[in-house]
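Database features (TrEMBL):
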DOMAIN    18-229  domain 'YjeF N-terminal'
BINDING   Asn64, Asn65, Gly66, Gly67, Asp68, Asp166, Ala273, Gly329, His386, Asp453  (6S)-NADPHX binding site
BINDING   Asn65, Asp128, Ser169  K(+) binding site
DOMAIN    232-508  domain 'YjeF C-terminal'
BINDING   Lys423, Gly424, Ser425, Gly426, Ser427, Gly452  AMP binding site
Amino acid sequence: MLRLDFSHPQPLFTSQATRHIEAAAAAALPPCTLMERAGQATARLAMAMAPHARTIWLACGSGNNGGDGLQAAAALRAAGRHVVVSCLADDAQQLPPDARQAWLRARHAGVEFASQPPSLGPQDLCVDALLGLGLTAHPRRHPADARLLQWLEALHSGTTPVLSVDLPSGLMADTGQFAPGLTPGGPAIAARYTLALLTLKPGLFTAHGRDAACCVWFDDLGVGNAGTSPAAWLAGAPRPSSRPHASHKGSYGDVAIIGGEGVGPRGMGMTGAALLAASAALHAGAGRVLVALLDGVADATTVTSVQPECMPRRFEALALDGGVTAVAGCGGGIAIAAVLEPILLQAGRLVLDADALNAIATDGAMARLLRARASRTDRATVLTPHPLEAARLLGVETDAVQADRLAAASELAARFHCAVVLKGSGSVIAAKGHTPRINPTGNARLATAGTGDVLAGLLGARLAAVPATLDAAFEAACSACWEHGAAADHWPGSSALTALKLARTLTA
Ligand SMILES: NC(=O)C1=CN([C@@H]2O[C@H](COP(=O)(O)OP(=O)(O)OC[C@H]3O[C@@H](n4cnc5c(N)ncnc54)[C@H](OP(=O)(O)O)[C@@H]3O)[C@@H](O)[C@H]2O)[C@@H](O)CC1
Ligand SMILES: Nc1ncnc2c1ncn2[C@@H]1O[C@H](COP(=O)(O)OP(=O)(O)O)[C@@H](O)[C@H]1O
Ligand SMILES: [K+]
């Protein structure tokens with residue numbers, strides 16, 4: 001059993017692949033072995049988490065997730081703990097075969113069964129074994145058992161810590177969305193832990209997964225992956241960079257930030273977005289940072305007063321075909337559309353963010369130019385949409401993107417022949433020929449204006465230092481997401497996270 005610390009990559013398997021792994025393992029083992037192991041693992045973790053619990057309440061469903069809970073109850077009882085089980089199945093016959101054995105074992109062990117949760121305090125523990133991999137968006141039984149909803153609510157809003165078995169009940173393993181009708185009312189009050197069994201599932205790490213699962217532990221139940229391919233990888237920490245002594249600023253590339261519409265065209269100034277990206281690129285180690293503000297009136301001091309190391313440029317004075325890495329769109333407004341064509345045609349390495357993405361979503365000719373870049377061996381492009389920008393690019397609603405973030409990122413990568421970062425909690429990085437990655441770092445302190453511009457600038461710096469290939473762009477995007485999130489994770493609790501401060505904490 002291990003507690004995930006996000007330093008190493010971890011394979012993530014869909015529910016279908018997990019079923020395959022489970023079936024292969026079960027066929028090679030005596031009956032009930034996997035469920036006994038699941039129960040033992042759950043009991044061990046429960047005792048480690050709440051060594052002073054007076055009572056451990058196990059809420060068990062009427063499938064095999066409930067069976068895991070019943071096995072855990074028997075193991076906890078055998079270890080001398082006071083356990084109370086509430087089970088949605090009224091008798092063993094309502095349970096699938098392995099879970100039926102677990103029920104009988106719990107009964108024989110003298111576990112107390114109760115139809116309502118016992119009285120619990122903050123030192124006690126709840127075990128959530130109501131729903132696991134078998135959760136479906138459209139259940140067979142309508143309406144759901146009233147006790148299910150009541151117990152989910154008790155788990156969610158109580159002051160007692162909760163250990164979820166395999167998955168937080170109600171969360172769908174593949175997408176990190178809650179099944180209809182099972183979305184919790186608000187943030188959980190007490191600490192939450194999840195013990196994933198057999199495999200780690202993508203839904204634990206993206207969309208609502210991170211809030212629902214919180215601290216994730218993993219036990220493979222002594223079973224291998226049966227040669228099954230993961231649907232995604234949880235990204236690991238990038239290798240620390242080292243700079244050879246015999247290097248110079250030219251070794252780390254030029255980054256050109258193009259964006260920052262002024263107040264003039266529409267009365268909505270976004271100069272700051274470009275400056276944030278520039279500051280991020282600089283601090284992340286770009287050799288030189290050039291800034292082309294799309295603002296007819298801005299003079300050089302607009303840039304240099306924020307960051308004197310950055311070099312202001314008129315757009316026409318950027319030698320886009322001279323090996324510069326372009327980061328286009330940050331605060332680009334409508335002005336970016338006018339310069340997008342030369343950017344798409346000439347820039348070798350390119351990050352497209354924000355308004356550049358919106359321009360492509362509404363202009364078929366630009367979309368064609370973007371796709372055509374893939375036919376050149378000296379081109380690498382990364383798109384960094386947030387869910388709304390992704391929805392515009394795909395011509396769907398934001399909810400449809402969020403409903404399956406892995407699928408949406410992969411579809412964008414396939415449609416535009418680029419590497420893609422679909423931002424948000426558990427950013428998804430996708431590119432053709434690569435298994436998608438989910439970034440495990442970052443937190444809601446990043447939910448403040450300008451942090452996406454910082455990511456774009458950081459990514460520009462990473463991209464500038466690698467070959468202009470899709471593979472290198474994919475790796476650069478993974479590194480940038482990890483570093484961006486880690487900077488927020490290490491943020492001092494006493495200080496507000498703002499985008500410029502974030503940019504200035506980045507390192508080469
Ligand atoms: N077998 C083994 O050896 C091993 C099994 N393992 C464990 O088994 C778990 C998978 O078990 P599973 O397949 O039985 O499904 P499970 O998660 O219990 O859910 C089924 C229940 O949920 C219900 N339900 C579904 N959707 C619903 C909804 N929207 N709203 C309301 N209810 C809904 C559904 O109701 P029904 O559709 O039948 O009416 C049924 O009662 C896995 O996560 C892991 O913990 C592992 O430890 C490895 C060893
Ligand atoms: N709740 C969150 N958890 C993790 N990361 C987040 C969260 N909210 C925002 N972020 C990250 O912060 C950045 C915000 O980007 P974006 O929405 O483009 O903002 P802006 O356009 O204001 O710069 C993205 O990298 C996103 O993944
Ligand atoms: K569960």
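Residue numbers in this text run from 1 along the chain shown.
Glycine too: its Cβ is placed from the backbone N, Cα and C atoms.
TrEMBL feature annotations superimposed on the structure.
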residue : record                   : Cβ within 10 Å
Asn64   : (6S)-NADPHX binding site : 24
Asn65   : K(+) binding site        : 25
Gly66   : (6S)-NADPHX binding site : 29
Asp128  : K(+) binding site        : 29
Ala273  : (6S)-NADPHX binding site : 29
His386  : (6S)-NADPHX binding site : 18
Lys423  : AMP binding site         : 25
Gly424  : AMP binding site         : 20
Gly426  : AMP binding site         : 26
Ser427  : AMP binding site         : 29
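Rounded to the nearest whole angstrom, the C-alpha distance between Ser425 (AMP binding site) and Asn65 (K(+) binding site) is 27. When the binding-site residues Gly66, Asp128, Ser169, Ala273, Ser425, Gly426 are checked against ligand 3, Asp128, Ser169 have a Cβ within less than 6 Å of one of its atoms. Around the Cβ of Ser169 (K(+) binding site), a 10 Å sphere holds 27 further Cβ atoms from the protein chains shown. Proximity to ligand 2 (Cβ under 6 Å from any of its atoms) holds for these binding-site residues out of Asn64, Lys423, Gly426: Lys423. Checked against ligand 1, the binding-site residues Asn64, Asp68, His386 give Asn64, Asp68 as the ones with a Cβ under 6 Å from it, listed in sequence order. Site extent for AMP: among the recorded binding residues Lys423, Gly424, Ser425, Gly426, Ser427, Gly452, the largest C-alpha separation is 14 Å. The two recorded residues, Ala273 ((6S)-NADPHX binding site) and Gly452 (AMP binding site), have Cα atoms 9 Å apart. If you compare Cα positions, Asp68 ((6S)-NADPHX binding site) sits closest to Asp128 out of the binding-site residues Asp128, Gly424, Gly426, Ser427, Gly452. Taking a C-beta cut-off of under 8 Å and a sequence gap of six or more, Gly452 (AMP binding site) has these contacts in its own chain: Cys330, Asp353, Ala354, Thr384, His386, Lys423. Averaged over the domain 'YjeF N-terminal' (18-229), the predicted model reaches a pLDDT of 96. In this structure the alpha carbons, written CA, of Gly426 (AMP binding site) and Ser169 (K(+) binding site) are 19 Å apart. Ranking the binding-site residues Asp68, Ser425 by the number of CB atoms within 10 A of their own CB puts Asp68 at the top. Nearest neighbour of Ser169 (K(+) binding site) by Cα distance, taken over the binding-site residues Asn64, Gly66, Gly424: Gly66. On the backbone, the CA of Asn64 ((6S)-NADPHX binding site) and the CA of Asp128 (K(+) binding site) stand 13 Å apart. According to DSSP, Lys423 (AMP binding site) sits in a coil region rather than a helix or strand.
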